[in-house]
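**Q** Sharing a structure, written as C-alpha cells. Questions coming.
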Amino acid sequence: MKKHGVLNSEIAAVLASLGHTDTVVIADCGLPIPDGVKRIDLAVEIGKPSFLEVLQVVADDMAIEKVTLAEEVIINNAEVNKEIERKLIEPAFEYVSHEQFKEHTKKAKAIIRTGEATPYANVILHAGVIF
C-alpha cells in the first residue's frame, strides 16, 4: 500500500504515465467531459471532494510547467482563482475563454471530476519535467 502522494490508483497511474506537456484537467462537477477522454469521477456529493483539495494533492505529486484557466474565473470565482495562484507559485499561468478551455480539454490525458459546485473551478495542468 502507498504511503505518500496520490492514493487513488487511477490518478496515480495517469500521473505516472505523463510526458512533458501532457495535460490533466481538474474539474468542477459541471464541466462537460469530451468523448474519448479518460474520466476519473471523484464526486460523491455537492462540494465533496472540493476542487482545491484535489488540486493540492495532484499538484504535490506532479511536475507542472503551465496552468490554463478560463478567464471567467477571475470575475466569477475570484476566491478560487486567488487560491490557485497561491497554491501554484512556480508554473506559468494562461487564461483563455471558457469555450477555448473546453476545446483544450479534448486533448487531456484525463479529466478528474470533483464535487465542486462553484463557477469556473476548472484547471488544465500541463506536465513539466522533473530535471
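Cβ coordinates are placed from backbone N, Cα and C, and glycine is handled just like the others.
Taken from Swiss-Prot, the feature active site, proton donor applies to His20, supported by sequence analysis. What Swiss-Prot records for Asp28, His98, Tyr120, Ala121, Asn122 is substrate binding site, and it gives sequence analysis as the kind of evidence.
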**Q** Taking the residues Asp28, His98, Tyr120, Ala121, Asn122, which the record names as binding substrate, find the longest CA to CA distance and state it in Å to the nearest whole number.
**A** 13
**Q** Look up His98 (substrate binding site) in the DSSP assignment and reduce it to helix, strand or coil.
**A** helix
**Q** Out of His20, His98, which of the recorded positions is least crowded by other Cβ atoms within 10 Å?
**A** His20
**Q** Which residues in the same chain, at least 6 apart in sequence, have a Cβ under 8 Å from the Cβ of Ala121 (substrate binding site)?
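**A** Correct list: Ala27, Asp28, Phe51, Val73, Asn77, Val80, Thr114.
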**Q** Between the residue listed as 'active site, proton donor' and Asn122 (substrate binding site), how many Å separate their Cα atoms?
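**A** Counting only the Cα atoms, the answer is 21 Å.
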**Q** Near the substrate site, what residues other than Asp28, His98, Tyr120, Ala121, Asn122 in the same chain have a C-beta no further than 8 Å from the centroid of the listed C-beta atoms?
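**A** Surrounding the site, in chain order, are Ala27, Gly30, Leu31, Leu69, Ala70, Glu72, Val73, Asn77, Phe101, Thr118, Pro119.
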**Q** Tally every other Cβ atom lying within 10 Å of the Cβ atom of Tyr120 (substrate binding site).
**A** 21
